[in-house]
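*Asks:* Pasting a structure below so you can have a look.
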Amino acid sequence: MTLSNLILGELPLVLFTVMTQAVVGFSFVYALSTRAKTSTLASRKRFGLTFLFLLAIALLPSLFHLGDPTHAPYLLMRLGAFESGGAWHIAWLPNEILGVGVLFALGIWLFYTGTLLALYLLPLAGIVTLFFMSGIYGSMQNTVLTWNFSLTLWLFGSSALFLGGLLYRILHDLTHEDRLGAFLFSLIGFALLCLSLAFYTLHVGQSQIEGIGSAYTLLGEHYALFLGTGVILSVLALLLWFLKDFSTLPFGSPRSIGAIALLFGLLGVFSTRVLFYGLIHTHLWLG
C-alpha cells in the first residue's frame, strides 16, 4: 500500500465522518454550557443557523463518496430494519441517513423558533446518528476480523467530544467558566480517543488473517507514522488552547489561536482516521 493510497483512497469518507463528529460534539458541548442555560431567543436562533451551516459543510465531502444516486429510494425503504435470510437486521446506513436528516430538521426548527427543546434534542439525535454510523462498519465484524463495533463507537464518540470543544471555543466569545468547561470536554475526549486507539491497536494485533498472519503485516511503517502524527497534533491543539486561555503568556488573539488549535485538532484526528479508512484498500477496517 502506497502513502498516496492511504491519503486519497477514502478521503471523502474521512472528511465526512470527522467533520460530522465535530459538529455533533459542538452541539453537545453547547447544550451543556452555561451559555445555553442563559441564552436568549435570538442567540439560540443564531446557534441553529451556525449548526446548519457547519453540518452542510460536513456533508459536502460525502457527495463525492456516493454510488449510484438512484439507489437512494431503495435505501430509504429499508429504514429501521430489514429481513434477510430468515432473520431481521438493523438497517445501519439508511438509519444513518435518517439521523442526518433529523439533525437538519432540528437545526431548522431551532433556527426558526429558538426553542430550548430543539437545542437539547440536537445532541441526543447526534449521538444516535453516531451510533448508526459506527454500526455500518461494526455490523460486519464477524466477517472482517479487524472491525469492532464497540471500539468504533468509542472512537467516533471520543473524536466528537474532543473536536466539539475545540469548535465551540473558536465560534464564541466565552466567559472563563465556559472556556474552562469546553477545554475539559476536549481534554476528556482526547483521553478517551487515545484509549480507543490503544485498544484498537491491541485488537488489530490480535487479528490473524489467513495466509498473511498478523494484520500489521499489511500496515508497514504507516501505522506508527499516522498514529503518532495524529496524537502529537492533538496534543499541540490542547497545549495552544491551554497556554492562550489559562496562562499569562502574551501571544496571538483568542480567535486566531483558537483557529490554529482547531486546525491542529482536526488534522490530528484526520491523521489517525486516514490510517484506518485507507486500509479499506486491503479489505481491512480498523476504526
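From the backbone N, Cα and C atoms, a Cβ is placed for every residue, glycine too.
Where the annotation comes from TrEMBL, it is an automatic prediction and has not been curated.
A quick note: this is a predicted structure, and the numbers were derived from the prediction, not measured.
These came from TrEMBL, pasted as-is:
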TRANSMEM  12-34  transmembrane segment
TRANSMEM  46-67  transmembrane segment
TRANSMEM  87-112  transmembrane segment
TRANSMEM  119-137  transmembrane segment
TRANSMEM  149-168  transmembrane segment
TRANSMEM  180-202  transmembrane segment
TRANSMEM  222-243  transmembrane segment
TRANSMEM  255-280  transmembrane segment
*Asks:* With a cut-off of 8 Å between Cβ atoms, can you find at least three pairs linking the transmembrane segment (119-137) to the transmembrane segment (12-34)? Only pairs 6 or more residues apart in sequence count.
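*Replies:* Counting Cβ pairs under 8 Å (6 or more apart in sequence), the transmembrane segment (119-137) reaches the transmembrane segment (12-34), since there are 3 or more.
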*Asks:* If you count Cβ pairs under 8 Å, which stretch among 87-112, 180-202, 222-243 touches the transmembrane segment (12-34) the most?
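*Replies:* Answer is 180-202, with the largest number of Cβ pairs below 8 Å.
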